[in-house]
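Undergrad: Take this structure first; my questions come after.
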Amino acid sequence: MHLLPQAHSVQSQQFHVPARFNSNKGGHINSAYDSNLDEPPVYEETNDDHRTVRPSVISAFGHDTLDRVPHIDFYRNAGSMSGHRAVRPSLQELHDVFQKVSECRCRSSGTPSDDLESAAPTDDMKGMVKFGWIRGVLVRCMLNIWGVMLFIRLSWVFGQAGWGLGIVIIALSCVVTTITGISMSAICTNGVVRGGGAYYMISRSLGPEFGGSIGLIFAFANAVGVSMYVVGFAETVVDLLKENSAIMVDEMNDIRIIGCITIVLLLGISVAGMEWEAKAQIILLVILLVAIVNVFVGTVIPATNEKKAQGFFNYRSKIFLENFTPAFRDGETFFSVFAIFFPAATGILAGANISGDLRDAQAALPKGTLLAILITGLTYLAMALCVAATVVRDATGNSSSIINHTTPVICNGSTAVACELGYDFSSCEVEKCKFGLMNNFQVMTLVSGFGPLIIAGTFSATLSSALASLVSAPKVFQALCKDNIYRALHFFAKGHGKNNEPIRGYVLTFIISVAFILIGDLNTIAPIISNFFLASYALINFSCFHASYAKSPGWRPAYKYYNMWLSLMGALLCCVVMFVINWWAALLTYGIEFLLYIYVTVKKPDVNWGSSTQAVTFVSAVSNALSLSGVEDHVKNFRPQILVLTGSTRSRPALLDLAHSFSKNYGLCITCEVFVGPRSETVDEMNNAMEKNQLLLKKKKRKAFYAAVACDNFREGAESLLQASGLGRMKPNTLMIGFKKNWRTAGAEAVQSYVGILHDAFDFEYGTAMLRVNQGLDVSHIVEAEGLYDIVAKMNEKLVEASLQFKKKQPKGTIDVWWLFDDGGLTLLLPYILTTRKKWKDCKMRIFMAGQPGRSDLDKEEMKGLLKKFRINCSDINVFDDLHIKPRSESLKELQEMIEPFRLHEGSKDADQIRALQKEQPWKVTDKELSEFEEKTHLQVRLNELLKEHSRSANLIIVSMPIARKETISDFLYMAWLDILTKDLPPTLLIRGNHKSVLTFYS
């Protein structure tokens, strides 16, 4: 997709800007200059391949220029909902604008990799409902945190733990949620937050693997949470029906009926739109606040005798002191009581879950979430202390328990305070009573000024939490599906209406919730859901720590009151609390998350969000590279680090596949391309090829890097790559190149350049490998055929088949290694590495070597001993002592025909003619040279005969590469050596190490 600038008053058009100068001022004048254009250009998206550059804009510098002053529109993403995206002029446009037509291909928008928004806006954004920090975050978080715990179980918690440890329980819960809130504040102020809440923050911080795994279980937890809250509401309604003898069927089925009806009504509110849902939340908040105030008011209203009989005595210091210490019963402990209370604090992400519906999520989330934690924490603490100061732990509920002072009563234990207040609850020491903090879950109703308001508050708490979860689950799930991490779920990514409502997600959440409501018993699944939420909190904290630890320049949160170690402690606390709540649920949560993590990792979703994982990987890579640079190379740690001249990654697949077989999981592989030509033409082509070729390597699952240079000639480019490729110790040590099949027709300059690269490699102490395949290596003409690919491929069927031969599993056969010269062991090490590969495991290695006449058996035994010390197995060792024998005449004739066009033939000419010819054609082969190197020339021919005789059926032949001494052996004679040596053979790899040992038999 490319972009066209829309000028405010100038039509977009192709143009050429002529350069002319004002004779009076000497300044440059752009004839297309328009002084009215004082705003950054707005670029509209187009589907064509070109972008037309706006000719000129007003400048703050007093002269006409294409340069732009900094502006926010240049930094927006492609689908920005808050404004138009502008594209700044490219460097090439600024650099070349007066030299050529300003029409160029748009390669980049100015960012290394855009983090595209989850959905580009397609409708009119003016109609969207957006919330501020109060309605969008504060209200939602408070309603979610103020759950049924506030009215039903809080008194029991403080009865068991006492208000001393009760404060610790509330404080510890608040510490966990506050640290998580601080971490979330840091993350969400480090850039624009889109829809998806916790999933969005975690995935953009830690990457799709963590985000994808936690996003799915977090959405599921919210969906099941709906059923839990609705069942809580239904149970309260059924209790009221039971009191009035109005049960419809039976208790369990009544809960199911009421639950299903309730969730249908809640679904209707949610589907109606966020505005209706927000209004419903406000109404529920008002009811809840009235119920809370009702409790505080009730504590100061003088208690009736009936209430005193049930354990409520208004504020009494004796009761307060008595309830300070813990009194754990029925096997409860501090941790079990904490596990029951903590889920009440897990509503802090209610605002974050609708982050896409917030007017300014960066400002709203920190303010609203942290304030909600503070308010709700203080509320829980205040209400708990109220009941701890007014209600005793045990009470009979009988009005006859009043002490008349005529009968002596022995007061001790937990009933001593009640005795002093005139009530005898001593029977509670013997049998379980129904009232008091420890026994009655309706203490808040007892304490309150008007009991029915507490029931209304309980309804409000359950319904508000259910409504928040019913909205959160589809929103988070929709964000996850839009990112297409789980492709099977992309169906649920579609939104509807001006607010992009996830209707499909609502239906799915409804189905899940109804299914769990019909199950009825949620006690088993409740700890799993709590652990799912805690896992999300742990990863939010870890995300903040990880981003800080990575020290990426992109980590610049506007919220400064965070600490990386505090976040790490928060993550660890969440993990500990998970086990405290339920150890098997914690293990199950970790197991599910791990499996999802593995799934996403294997699938490798095509996203790039600039995660802190990438940043840490980079930092670790640099650190390791620096550490490695301080360590001297050792022969035991030698790895083939190959610089392979493939051209484009698709041009010579056989060369790349074989190089990759050597380096995969062992060493470094850099596939290289040299762009030859005028820099003005080749630089753009090279820049375009960089990312494209690296992506192709990734797509082909080749663990290799792509490097390219632009130079005036091929040898200069290759020389640059040989000298500058790599980093520290991660630097290539072996050059791999394809055999130049057309050397006889390519021309002197091309041959000199090719052989010169080999000389350069030896000069820079590179090991060198040259691959020859009879059919050839270059398939670029087939790849570039595009629409005619099938036709061209069919015409070159053998070439295509040969280019793919190293990609597939090799049939049973041999790798024949002709180790003729000791080069340090590279000629032996590379084929050994091949035999360790899965594709080559059916190939056995055979060794062929040259021996002295009469010493063949002895040489063979020595080689066996050497291979044994190297721990390298081979199926056979062959020694030849007849390499000195003159080749057959037909073979020599073939060589002569090869060299003939490049001979100088100076034998019959005088000295002046010879000098003139050599000056005119210095690259030609002289008779003197042929005579001087006749034996070495014949050796190559003789070796070819032996190779044909013994290795014609080999899967791959490895041969020691002959070396041509610089300025002694001409380039064409050397090419003739290489050609005749490898002619008419199976795939052949010539190898010459740099004569430094790469094998050792020492430990």
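Note that Cβ sites are derived from N, Cα and C of the backbone, with glycine treated the same way.
Please treat TrEMBL annotations as automatic predictions, because they have not gone through curation.
Since this is a predicted model, take the numbers as computed values, not measurements.
According to TrEMBL, the protein carries these features:
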type     : residues : note
DOMAIN   : 52-104   : domain 'Amino acid permease N-terminal'
DOMAIN   : 136-643  : domain 'Amino acid permease/ SLC12A'
DOMAIN   : 652-790  : domain 'SLC12A transporter C-terminal'
DOMAIN   : 794-1003 : domain 'SLC12A transporter C-terminal'
TRANSMEM : 137-158  : transmembrane segment
TRANSMEM : 164-193  : transmembrane segment
TRANSMEM : 214-235  : transmembrane segment
TRANSMEM : 255-275  : transmembrane segment
TRANSMEM : 282-303  : transmembrane segment
TRANSMEM : 334-356  : transmembrane segment
TRANSMEM : 368-392  : transmembrane segment
TRANSMEM : 450-473  : transmembrane segment
TRANSMEM : 503-522  : transmembrane segment
TRANSMEM : 528-549  : transmembrane segment
TRANSMEM : 561-585  : transmembrane segment
Undergrad: Which listed range (164-193, 214-235, 255-275, 282-303) shows the maximal number of Cβ pairs under 8 Å with respect to the transmembrane segment (137-158)?
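TA: It is 282-303, which has the most Cβ pairs under 8 Å.
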Undergrad: Under 8 angstroms for C-beta pairs, at least 3 of them, ignoring pairs fewer than 6 apart in sequence. Is the transmembrane segment (561-585) in contact with the transmembrane segment (164-193) by that rule?
TA: yes
Undergrad: Who are the chain neighbours of the transmembrane segment (528-549) in space, where the CB to CB distance is under 8 Å and they lie at least 6 residues beyond its ends?
TA: 176-177, 179-180, 182-184, 186-187, 190, 198, 201-202, 205-206, 210, 214, 217-218, 220-221, 224-225, 228, 342-343, 346, 348-349, 555, 562, 564-565, 567-568, 570-571, 574-575, 577-578, 581-582, 585-586, 588-590, 593, 612-613, 615-616
Undergrad: What are the helix, strand and coil residue counts for the domain 'SLC12A transporter C-terminal' (652-790) according to DSSP?
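TA: Reading the DSSP string over the domain 'SLC12A transporter C-terminal' (652-790) gives 68 helix, 28 strand, 43 coil.
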Undergrad: Could you tell me what the rest of the chain brings near the transmembrane segment (255-275), counting residues at least six beyond its ends with Cβ under 8 Å?
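TA: Distant contacts of the transmembrane segment (255-275): 129, 131, 226-227, 230-231, 233-235, 237-238, 248-249, 354, 357, 463, 466-467, 470-471, 497, 499, 501, 503, 506, 510, 513-514, 517-518, 520.
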Undergrad: Flag the pair the transmembrane segment (214-235) / the transmembrane segment (368-392) as in contact if three or more Cβ pairs fall under 8 Å (sequence separation 6 or more).
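TA: Output no: the transmembrane segment (214-235) is apart from the transmembrane segment (368-392).
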Undergrad: Should the transmembrane segment (282-303) and the transmembrane segment (503-522) be scored as in contact, given a threshold of at least 3 Cβ pairs under 8 Å and pairs 6 or more apart?
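TA: Touching, no - the transmembrane segment (282-303) and the transmembrane segment (503-522) miss the threshold of 3 or more Cβ pairs under 8 Å.
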Undergrad: Quick one: find which recorded stretch in 164-193, 334-356, 450-473, 503-522 has the most Cβ pairs under 8 Å with the transmembrane segment (368-392).
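TA: By Cβ pairs under 8 Å, 164-193 leads among 164-193, 334-356, 450-473, 503-522.
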